[in-house]
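Below is one structure, written out as structure tokens; comments come after it.
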Amino acid sequence: MSLATRAPAKINLTLHVLGRRADGYHALESLVAFASTGDDLRLEPAETLSLTVSGPTAPLAGVDADNLVLKAARLLAERVPDLRVGHFHLTKRLPVAAGIGGGSSDAAAALRLLARLNGLPLSHPALREAARLTGADVSVCLEPRARMMRGVGEELGPALHLPRLFAVLVNPRVPVETPAVFKALGLQPGDDLPGARHPDIAEASQASLLEVLKTTRNDLEPAACRILPVIVEASRLVSETKGCRLARMSGSGATVFGIYDDGKTAVAAARWIARRQLDWWVKATILR
Ligand SMILES: C[C@@](CO)(OP(=O)(O)O)[C@H](O)COP(=O)(O)OP(=O)(O)OC[C@H]1O[C@@H](n2ccc(N)nc2=O)[C@H](O)[C@@H]1O
Ligand SMILES: Nc1ncnc2c1ncn2[C@@H]1O[C@H](COP(=O)(O)OP(=O)(O)O)[C@@H](O)[C@H]1O
């Protein structure tokens, strides 16, 4: 019997930096959504923990021993006596170090499968702790539903019933080092930017959600663009597509998303971009 789950791409529809904590991490406020596209993870129960990785971006995800899937699984095994484990197989499709939390979503998917195998609820404190200790973005990926994320990523709001957003994801296949982008903000530990708080984002119709999104931003985008000017090019290309309502970078980059009124327009935009940038990763998808 093998168990399977999808590890969807995480998209930061908004990302406001509220300050920098004494430990150097940044306090964030982010509306996170998840794409219909992602990696796939399978778990075959076995005596010991192991991992194999295949798929188009497998070679970029680093050595299997350092994979976040194993890191999360080990952290859970340390906290749950006699945890049943097994062999994971990851099919890696998402670009790596791309601001769409591929590794975090894979780690969260591993925790979901182990939870299922062991009959643990996703609210189990050991699962929550293993997620938090694996990485800042893993907690929000544990139950991949649109919600507000705060703190360094561990404070989660309730799942939001956002209208489906038709989107195109564009990545120039250049990896971005997340710590370098945060550092480029130039904030000092203890710096506080309370004015950066979000407007209230509740459930909104597609039109008003877009209007609210337009009043928000990704505070990491200017810093990432200074480090990697190709992000400016990606953003410009997305903005130029027919019917693009909003173009913005996700996370620490370099992936840029565009939002469209319907799936047909999004697919046409993806084709238009892919024809111009043959080497880039371009994907029409639905965010929710
Ligand atoms: C920026 C975001 C937004 O969702 O996404 P990505 O670009 O990674 O997708 C996340 O906060 C990234 O989360 P994640 O990639 O899990 O970060 P971690 O591995 O825990 O941390 C990597 C490094 O980023 C910096 N970091 C991370 C999170 C945070 N709130 N403040 C920080 O300053 C720290 O320098 C840390 O050492
Ligand atoms: N399963 C995984 N998928 C992708 N990257 C992984 C994975 N496990 C570990 N990593 C490492 O984590 C780093 C961040 O990757 P990723 O999660 O794709 O970044 P981002 O959140 O910016 O999209 C990469 O440099 C990679 O070496």
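Backbone N, Cα and C define each Cβ position, glycine as well.
According to TrEMBL, the feature active site maps to LYS10 (among others). Around LYS10 (active site), taking its Cβ as the centre, 28 other Cβ atoms fall within 10 Å, counting all chains.
As annotated by TrEMBL, domain 'GHMP kinase N-terminal' applies to 67-141.
Residues annotated as ATP binding site in TrEMBL: PRO95, VAL96, ALA97, ALA98, GLY99, ILE100, GLY101, GLY102, GLY103, SER104, SER105. Within the same chain, residues at least six positions away from ALA97 (ATP binding site) with a Cβ under 8 Å of its Cβ are LEU60, PRO175, VAL176, GLU177, THR178.
Under the three-state DSSP scheme, ASP137 (active site) falls in the coil class. Taking a C-beta cut-off of under 8 Å and a sequence gap of six or more, ASP137 (active site) has these contacts in its own chain: LYS10, GLY101, SER104, GLY153, GLY251. Residues annotated as active site in TrEMBL: ASP137 (among others).
Helix, strand and coil residue tallies for the domain 'GHMP kinase C-terminal' (220-271), in that order: 27 helix, 9 strand, 16 coil [DSSP]. According to TrEMBL, the domain 'GHMP kinase C-terminal' annotation covers 220-271.
By the criterion of other Cβ atoms within 10 Å of the residue's own Cβ, the least surrounded of the binding-site residues PRO95, GLY99, GLY101, GLY103 is PRO95.
Confidence across the domain 'GHMP kinase C-terminal' (220-271), taken as the mean pLDDT and rounded to a whole number, stands at 98. GLY101 are the recorded positions among LYS10, PRO95, GLY101, SER105 whose C-beta comes within less than 6 Å of an atom of ligand 2, given in sequence order.
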